[in-house]
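Below: the structure, in structure tokens.
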Amino acid sequence: MSGGSGGGEERRIWNNRWFVLVAAMWLQACAGIGYMFGAISPVMKTSLGYNQKQINRLGVAKDIGDSVGLLAGTLCDVLPPWALILLGAVQNFVGYGWLWLTVTRRVAPLHFALICVVICFGTNGESYFNTAALVACVRNFSENRGPIVGILKGFAGLSGAIFTQIYAATVAPEQSSLILMVAVIPAVVAILVMFVLRHVPSDGQNLAAQSQNFRFLYGVCLALAAYLFATILIQDMAHVSYAVSVAFACGLLFLLSLPLLLPFMAAFGQQFAVTSPEVPIPEPTSDKDIEALRAPLLGQDGIHSIPEDQVDEAEGAVKFKRRRGPRRGEDFTMKQAAVKADFWLLFFGLVCGAGSGLMVIDNLGQISQSLGYANPHIFVSMISIWNFLGRLGGGYVSEIIAREYILPRPILMAAAQAGMALGHVLLAIACPGSLYIGSLLVGLGYGSHWSVIPATASELFGLKNFGILYNVLCVANPVGSLVFSGLIAGTLYDREAQKQRGLNTLANSVANHQLATKVDDASLCEGAICFQETLFIMTGACLLGIVLNLVLVARTRSVYITLYGKQREEDPRADIQKLKGPSSVQKG
């Protein structure tokens, strides 16, 4: 026993929930490969001879694979996390690996429809990474689900920027090799961490130490965002040598490794904060006791659930004469959640907000080109940083809203959509500098949705079936993309391009050759008018989303009072002691 101190420290690292979180962050950094589509689509277009319409259809197939994770959500209740991650790694490697073989002509080109299936299949591997990481960490940190979701989803949003730096330091400028990177790196990382991601009991850390740990993580995340932003600007404004690119990539890897300090410090018995007499985190001494009791004070996921005498005060569920199913805050199945008005308010609010934001993200290159910017890729890179900061800040702020002010998290979604509505208006009117401010507001608002939605769903519908519930909500993303980007934006853009082509033909007939050659591509549109009508429609969608989210806030206000109101007045450990007494009586 005494000779195994080293092994004991290793076990403390392995069984530390902060170590699980770090592994999940690395996995999530590989779970946003869908954001790389803009970087790999040009080589696909030239190598396979596709036109722009076919590239757009491939983008829709990518969005479907990226967001539709129903199978992953279903399997997470059946398979262990490592098996779920392995499935995602196989899908990612096979899908993008075959795409690389096709682009480099190492295999015979497939029919276009099959290429759509291949890219959808490969990108769908993300859904397994997302599900495994979120489910494990939300269960491990159920008392801090807002910051946890924000950090994890933030790293997914940074995937594109991270892969771009690695690409610049390794295989650039060979664009086809970028597809191979997207196939190999996520699969390797997934295999390395797949046995780490699992449920780990709380370590009993006090609130002051936890707060310090989260501040450290937020500091690392902000430093990472600032670092990537600086490198993007430097690479855009000046010619950067290969050696400098390698140095940038090494700095990036160093920042990504910094979070490992948390589990190592915990393993050696050190904390980032001195022990304080603050209220400790609930730490059940026996999961079996809690599961056996299912008392009203604590739900199955270890958070406060709704007492019987307060259920009738909650206004958010479809009411029956005598409810026999779960009540909000308890564990719902997908079938049970699907008949609740709150679920669909959450879903369609997400369609309005995230869907309109995704329209801008997917078309930002064309928007900037239509406004005359020579280097549209800088806006694409910058909005990924805003997306990351929105996810990070959304998780942090929503936790304050829920715990300190006892307000439903969807109120932050309403605020984010108000900012997005203003951003859409600024993009539509196309004043000098409005593209910078508008993309900032849209990126922050879009990102915040993906930290608020998972935390809200887990609070209203429980953690037992969180995987399938979260993945059904994610379907809102491709629905919004299909309606707002594929149908509305594409149709209105092509219509305006045809008008300009008609003017071009007329100008040619009156010998205005300068105008005739300016718009020589039938699919090219120039000027603010190209997306103006679309962006005003997106503004209306955000306003509708605000209404839906405010309705959800009003319906779930009492639920959040029940979930978090008493935590500021009572000692959670006292509640655990109350549970332990009846537990022994029932067992006796």
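Any Cβ shown, glycine's included, is placed from N, Cα and C.
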121-141, 373-393, 394-414, 436-456 - the one TrEMBL records as transmembrane segment: 436-456
Residues flagged as transmembrane segment in TrEMBL, choosing from 64-90, 496-522: 64-90
In contact by Cβ distance (the transmembrane segment (535-554), the transmembrane segment (216-234); 3 or more pairs under 8 Å): no
Beyond the flanks of the transmembrane segment (436-456) by 6 or more, those residues with Cβ under 8 Å of it: 134, 138, 145-146, 149-150, 153-154, 156-157, 346, 350, 353-354, 357-358, 360-361, 364, 379, 382-395, 397-399, 402, 408-410, 412-413, 416-417, 419-420, 422-427, 466, 470, 473
Folded-back contacts onto the transmembrane segment (535-554), same chain, C-beta under 8 angstroms, at least six residues removed: 315-316, 342, 345-346, 348-349, 351-353, 355-356, 359-360, 407-408, 410-411, 413-414, 417-418, 420-421, 424-425, 427-428, 484, 488
Tertiary contacts of the transmembrane segment (468-493), as residues 6+ beyond its ends and Cβ separation under 8 Å: 56, 60, 63-64, 66-70, 72-74, 76-77, 127, 131, 134, 332, 334, 337, 346-348, 350-352, 354-356, 358-359, 362-363, 366, 453-454, 457-458, 461, 525, 530-531, 533-534, 537-538, 541
